[in-house]
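The annotation Mg(2+) binding site is assigned in TrEMBL to Asp24, Thr54. The sn-glycerol 1-phosphate binding site annotation in TrEMBL covers Tyr172, Leu173, Glu174, Ala175, Gly176, Ser177, Gly178, Gly203, Gly204, Gly225, Asn226.
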Amino acid sequence: MKEKISKYIQQLSEEGVLHFSLIDPDKISNLDKLDSLARKLYEAGTSAFLIGGTLGVSKDKLDNVLEILSDIKIPKIIFPSNINLISEKADAILFLSLLNSDDIYYVIGAQVIAAPLIKKLGIEVLPTGYLIIGYGGTAGHIGRARIIPFDNNELALSYALAAEFMGMKFLYLEAGSGSPETVRAEMVSMIRRFTNLTIIVGGGIRSQEAAIKLVEAGAHIIVTGNIIEDNPEKAIKIIESIRNYRRV
Ligand SMILES: CC(C)=CCC/C(C)=C/CC/C(C)=C/CC/C(C)=C/COP(=O)(O)OP(=O)(O)O
Ligand SMILES: O=P(O)(O)OC[C@@H](O)CO
Ligand SMILES: [Mg+2]
């Protein structure tokens, strides 16, 4: 298995903090403007594109977005909500297991169905424990998550340790797209302190202050989705502040 994207992430994390731009193929209002929007995000310093969504996303729409982004020289990583979102046009896929789901399909079912095709296409996998925290949004509802409260750090850490002991490399702390609150800094710092997982945080991040708080707490990768569509200028400011951040 090639590890190109994983090495790219590791190298950038040694130097600083990464930002991933989430592009939802069903929510992009104007596909004709995606190329110029994506270039601005790239020039601001975003480290990769995550492409995915829960509702209304098809393989055709995914391929179309991957095609539009193909000339931009940062990784295009699939963020799958289900097994239909697998494409050879992507550089990697977040191989998610929704660890706090009550539905075995989202813990190990979808993964078993998807694995042979991913292997055949030779797409790099990023083994990721996915935890839904506090709000959950559509992903939490569809994924039948037994939501971890925003303030239950001990419970989140227990899942994180279990993920690490099972060999996962990434942990995605997801408040849910459009969440009124972000995951809290205390939860991130506790997981950073006690594990070696690469911590991805997303959901409801709409300001530089919110992003930097999570970065200071130890997040390796910050994901923003909605703000890119709602206010691209603000998204660019968030990206610049994350990429300029240096741990002391
Ligand atoms: C490994 C493979 C192929 C699949 C795993 C599938 C799993 C475990 C999914 C977890 C549950 C789930 C529904 C995750 C969604 C992740 C995602 C793409 C979130 C972003 O989308 P939203 O913003 O919630 O979607 P909408 O904008 O459509 O509401
Ligand atoms: O759209 P936002 O609220 O930025 O959330 C991003 C992502 O974590 C959702 O899966
Ligand atoms: Mg969304």
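A Cβ is built for glycine as well, from the same backbone N, Cα and C atoms used for every other residue.
Each residue contributes its Cα atom, and for Tyr172 (sn-glycerol 1-phosphate binding site) and Thr54 (Mg(2+) binding site) those atoms are 16 Å apart. Residues Thr54, taken from the binding-site residues Thr54, Tyr172, Gly204, are distinguished by a CB atom under 6 angstroms from ligand 1.
According to its DSSP assignment, Glu174 (sn-glycerol 1-phosphate binding site) is in a strand. Cα of Gly176 (sn-glycerol 1-phosphate binding site) to Cα of Asp24 (Mg(2+) binding site): a span of 14 Å. Separating the Cα atoms of Asn226 (sn-glycerol 1-phosphate binding site) and Asp24 (Mg(2+) binding site) is a whole-number distance of 9 Å. Among the binding-site residues Asp24, Tyr172, Glu174, Gly176, Gly204, residues whose Cβ is positioned under 6 Å from ligand 3 are identified as Asp24.
Of all Cβ atoms in the shown protein chains, 18 besides its own fall within 10 Å of the Cβ of Asn226 (sn-glycerol 1-phosphate binding site). Among the binding-site residues listed (Asp24, Thr54, Tyr172, Gly178, Asn226), Gly178, Asn226 have a CB atom closer than 6 Å to some atom of ligand 2, in sequence order. In the structure shown, the C-beta of Tyr172 has more C-beta neighbours within 10 angstroms than that of any other entry among the binding-site residues Thr54, Tyr172, Gly178.
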